[in-house]
Number of protein chains: 2
Amino acid sequence: MSNCNSCPSKNKCSTKDTGCNIINNPNNKIKNIIGVMSGKGGVGKSTVTSLLAKKLNSMGYTVGILDADITGPSIPRLMGVKDAKAFSNGKGIVPICNPQNIKVMSINLMVASESEPIVWKGPIVSNAVKQFYTDVLWGELDYLLIDMPPGTGDVALTVMQNIPINGIVMVSIPQDLVSMIVSKAVKMANMLNIDVLGVVENMSYIQCPDCDKKIKLFDGDETEKFLSDMNLSLLGELPMTKEIVNITHHGVTEISDELDSTLESIVNKIK
Amino acid sequence: MSNCNSCPSKNKCSTKDTGCNIINNPNNKIKNIIGVMSGKGGVGKSTVTSLLAKKLNSMGYTVGILDADITGPSIPRLMGVKDAKAFSNGKGIVPICNPQNIKVMSINLMVASESEPIVWKGPIVSNAVKQFYTDVLWGELDYLLIDMPPGTGDVALTVMQNIPINGIVMVSIPQDLVSMIVSKAVKMANMLNIDVLGVVENMSYIQCPDCDKKIKLFDGDETEKFLSDMNLSLLGELPMTKEIVNITHHGVTEISDELDSTLESIVNKIK
């Protein structure tokens, strides 16, 4: 039971002590763990993770981001810490704090050059993700957000089985092909009894900077059907604006009032 | 040496018979195998694979597509065969032919429902990809295109080590963060002595359907620097037009003259 004392799922967990795969670090006190997932790549999981972290932080919560995308990590650039290097202090791995004091751990904080490829087999990748939970000195956090990689393979399974996540935010875009693949991720979470908190629809539209016209790029938007088939609610919609797209280039710095109000509405539904 | 007789890399291979991990199917005669990779998800690998297949097919070549994205397969929808089911005839797995006679193999042609998740550990996913090469009755093909999943993990390693690919087309978008992750994939290919044929830049710009203005969404386009750092050539640029984006919805059917001429130029550089 000692392992349960530092578990964010203490008193909310249906697993008896036997059969629990989770190793909690007694040095950490994490209140809530939220996974950001999609199943599909390139829909904006890392961008949504970074924006939610920034918003929670500005509301006064202490926040960490665990970048579980080992072979395609985006978080260090998005959080403005791409040149930092994490180190171990003997007790564990010390995460990097970004200028807003958001704690970050990513494989790209541990390699000599950020473009160095991680050519590892599945079990080794999964072990790295487990260590990012178990061996990192997160300290006290109100929220730990986990940026998950595409797919429903090894890493997704490891996060769902070895980290006591309280819920998942699914990120999708209004494209039928993507909804199909996101459905796979939702069904996987259901199989593993993980709560899906709702869906953030990214790239809902593009606004032409010249004529202000809102461009709906995708035909056959069946978002409502997808949400009702999967029994999920829409947490919010993010347009494909220069502000959001270029977060990947400039990092999350200032946020416009419009985006801030969308984020506030999303955060209020999941916190 | 019998294994070499049906190998697309016969006479072009530096590996001696010892140490070769590749199992060729003597029933198949495949002349060229090209991987389509990125490292990053959601940049258009599957779309580029489908467009190249369609173009090669219209030029009179026999073409197959091996969908190596086991946990996020897009090819059946893009090739208009999403409801087909592949079967085994006792000698091997029979691929699905689309209306243009392009042969397709994907995990989504083998599951009861296309939204059923594949929750498999890495080695099982890799075995499925190996089988798609070894056990599928591709027959005679001028080109087998392999649509690779995001990342540099298990599947990418399996494709590079267990399938005799002749070269890789890298797909990128003009965003620094993406170039960084694509660099990882290029370096992985270099490590494994696989020829990178060049880069297709997708989402180069968006054209406003209202005012025709070309919108460059991404700041900090360092494509030229990326190409020169990686010593790669640009095979072609694809804009983010409704025609291309909605291939995922309608499948690859008719192709406009403008897109056709871009594809012709790309194909002429890689064939």
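Every residue gets a Cβ built from N, Cα and C, even glycine.
What TrEMBL records for B:Gly39, B:Lys40, B:Gly41, B:Gly42, B:Val43, B:Gly44, B:Lys45, B:Ser46 is ATP binding site.
Sorting the binding-site residues B:Gly39, B:Gly41, B:Gly42, B:Gly44 by the number of other Cβ atoms within 10 Å puts B:Gly39 first. The 10 Å shell around the Cβ of B:Ser46 (ATP binding site) contains 28 further Cβ atoms across the protein chains shown.
Long-range Cβ proximity for B:Val43 (ATP binding site), meaning a same-chain Cβ under 8 A and a gap of 6 or more residues, is found for B:Val171, B:Ser172, B:Ile173, B:Val178, B:Val182, B:Asn202, B:Met203. In the three-state DSSP assignment, the secondary structure recorded for B:Gly41 (ATP binding site) is coil. A simple way to gauge crowding: the CB of B:Lys40 (ATP binding site) has 29 other CB atoms within 10 angstroms, across all the protein chains here. Taking the Cβ of B:Lys45 (ATP binding site) as reference, residues of its chain lying under 8 Å away and at least six apart in sequence are, in sequence order, B:Val36, B:Met37, B:Ser38, B:Asp69, B:Asp147, B:Met148, B:Val171.
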